[in-house]
Amino acid sequence: MLISSVSILFQALLLLPLVHAYGHANACRSYCGNLTIDHPFALQSGCGHPGFRDLLFCINDVLMFHISSGSYRVLDIDYAYQSLTLHEPHLSNCDTLVLGNRGNGFVVEPWRSPYLNPAADNVFMLIGCSAESSLFQGFPGKHLPCRNVSGMGCEDYYGCQAWTGLGFSRLGSGYRSGPPECCSVPFEAIKAVNLTKLGCQGYSSAYSLAPLRVTGPDEWSYGIRVKFSVEVNRESYCKACEATGGSCGYDIDGLTGLCMCGSWNSTSNCDSAQSSSSYSCRGTSSLLYTLAAGFFFCMMVWMKSR
Ligand SMILES: *[C@@H]1O[C@H](CO)[C@@H](O)[C@H](O)[C@H]1NC(C)=O
Ligand SMILES: *[C@@H]1O[C@H](CO)[C@@H](O)[C@H](O)[C@H]1NC(C)=O
Ligand SMILES: *[C@@H]1O[C@H](CO)[C@@H](O)[C@H](O)[C@H]1NC(C)=O
Ligand SMILES: *[C@@H]1O[C@H](CO)[C@@H](O)[C@H](O)[C@H]1NC(C)=O
């Protein structure tokens, strides 16, 4: 009886530092609506990867993504597949064409582009582009960049009800009377979807949820699928930081990695000897050690008591 109370008390004492240690873990993780914001993204500056700084903003539980071409709503962040799904109100879909050059398109700052790019299976469909557009340089030659991406393209998109009754020629694919009303391209082919620069009235964007093959354009997923990535060595640095209970971030200069260990910042991880204080951040390995030590101690008390 006494022994078991002692052991419970002991376990409670042992748990105290653990709670303390884990209170600091993931200081950079946050939530916006039902989306989890975790490394390499962050809402606070200093957290996450510098390539994604000043990128995400949580406004009334709606996560917004901001780049030089404008703001987009984030519908999903897939950390396993390393992708973001974005949407904006001026993106045409199967029901509605939004014309008048009101859409954002997609232009990312050059310094961010190593970390952020529309997915290779995302199709951009540029609508109502002028004959002078750089897209059609060489017209009427056969070197138009327009093509299908992941089985999606304008030929099928013309089948959407958004096109009916608009006076657009659905024979665009013939290229006889002028450039097509719609030209579908992968992002890689044009590197920036700037409607003004391309001389286009509007755009749509769709992505495929591989390996699902959908039949018609009314079943495509409309939105912009963006892949994100960080350098391999940075990734292992952050894994080591997080494994020791830290949160991965960066220094104000934006160049040096920082592992935030609650009461102190480390340039390596929270297990490093650089620690001036407290066990609170030594993370998993000391945690296991404490647990093991506690277990053995209780075992000994229990065995002695028999
Ligand atoms: C998040 O909430 C939105 C509605 O606000 C819903 O459409 C979506 O499916 C939810 N996502 C998850 C992963 O629960
Ligand atoms: C650790 O670094 C972050 C980001 O640069 C900073 O905001 C924070 O104040 C630093 N914490 C300490 C204890 O120095
Ligand atoms: C798009 O192109 C126009 C015209 O070339 C330019 O003024 C504008 O800054 C560009 N927008 C972005 C986001 O790069
Ligand atoms: C795109 O796919 C459609 C059918 O899905 C086909 O008719 C069309 O020729 C293709 N276009 C190009 C440019 O390959």
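Keep in mind that glycine also has a Cβ here, set from the backbone N, Cα and C atoms.
The model shown is predicted, which means the values in this text are computed figures rather than measured ones.
The signal peptide annotation in TrEMBL covers 1-21. Per TrEMBL, domain 'Wall-associated receptor kinase galacturonan-binding' is recorded for 28-86. The domain 'Wall-associated receptor kinase C-terminal' annotation in TrEMBL covers 224-262.
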The domain 'Wall-associated receptor kinase C-terminal' (224-262) [mean pLDDT, rounded to integer]:
92
Could you count the residues of the domain 'Wall-associated receptor kinase C-terminal' (224-262) that DSSP puts in helix, in strand and in coil?
12 helix, 13 strand, 14 coil
Helix, strand and coil totals (DSSP H, G, I; E, B; other) for the domain 'Wall-associated receptor kinase galacturonan-binding' (28-86):
3 helix, 30 strand, 26 coil
